[in-house]
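> So TrEMBL has the following annotated:
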- 22-43: transmembrane segment (TRANSMEM)
- 38-287: domain 'G-protein coupled receptors family 1 profile' (DOMAIN)
- 96-117: transmembrane segment (TRANSMEM)
- 137-158: transmembrane segment (TRANSMEM)
- 194-223: transmembrane segment (TRANSMEM)
- 235-257: transmembrane segment (TRANSMEM)
- 269-289: transmembrane segment (TRANSMEM)
Amino acid sequence: TNVTAVLEFRLLGFSSNPRCQILLFTVFLVIYILTILENTIIISVVTLEPQLHSPMYKFLKNLSFLEVCYTTTIVPKMLANLLAKRKSISFSGCMAQLYYFISLGATECYLLAVMAYDRYLAVCEHLHYNVTMSAKSYTHLSVGSWVTGIFTCFLPCLMVSRLDFCSYNLIDHFFCDISPLLKLSCSDTTVTEAVIFILSLLVLSSCFLLTLVTYLIIILSILKIPSASGKRTTFSTCSSHLMVVIIYYGTMISMYVRPTYNLSSELNKAVSVLYTMVTPLLNPVIYSLRNKAFKKALGKIV
């Protein structure tokens, strides 16, 4: 087989129909603008309002900044390609997009698990919360989530970048994801797939189980609250958090915790839209904008 150095990839995206592409561009642009706006509001309000300088809201601010970076890694290039005649991305740009996307995704997994732990302390260990979740503890957990996420994905991305890609350079996706790149490679990807599968299993499954168990313990503690109104309010908040976690982890696990990457390209794209665009749009609404203290602070600043 003749192996040539691939200098760029062509992203096939969603559809070749111009009308469909314009419709998708409009829908995704609106979603992207709303996502950036929501997360920017959260970052600004938490920064400006002293009463929101508790660990809980600092974690939300951290998550909002992460969501801005996460969605910006994918969406702007996708929007440009929806309107461009030549839907291309350079090899180095593709590898950079892959690394940032996976590392930020892993960081979000760790951060969601840490936020669940913070809620557990607030609900189940509220008498010791201020001592356990001190400013030092918050810093360690936040920095640890980012550093671990950044280094977790270095090896799989390095392995993908060192694969051989033959003259065929069409990626049947709207961004540089692992699955279409492995399908495109003319190298033996067995070892690379095994490493990605093991790391995905360790990161996604462990974080998901930890977050799920934590919220289940919180819900059981809420059921013991004698006040019906207090029980209803706290349960509503935690159930919303749990819903977002299940959507995010469910789609990510279905994509990456598989020994082989043979999911159909159309289903692959549909599932990818959920965790690259829909979840970042929902997270600010569920975690912050439905919060009474946050809405009060927002109204005060406005």
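Any Cβ shown, glycine's included, is placed from N, Cα and C.
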> Which range wins on Cβ pairs under 8 Å with the transmembrane segment (194-223): 22-43, 96-117, 269-289?
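Selected stretch: 96-117, with the most Cβ pairs under 8 Å.
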> Going along the chain, which residues at least six beyond the ends of the transmembrane segment (96-117) come within the CB cut-off of under 8 Å?
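Same-chain contacts beyond the ends: 59-60, 62-63, 66-67, 69-70, 73-74, 77, 89, 141-142, 144-146, 148-150, 152-154, 156-157, 160, 175-178, 181, 203-204, 207-208, 210-211, 214-215, 218, 241, 245, 248-249, 252, 275-276.
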> Six or more residues beyond either end and a Cβ under 8 Å away: which residues meet both conditions relative to the transmembrane segment (22-43)?
14-15, 60-61, 64-65, 67-68, 71-72, 75-76, 78-79, 82-83, 277-278, 280-281, 284-285, 288-289, 294, 298
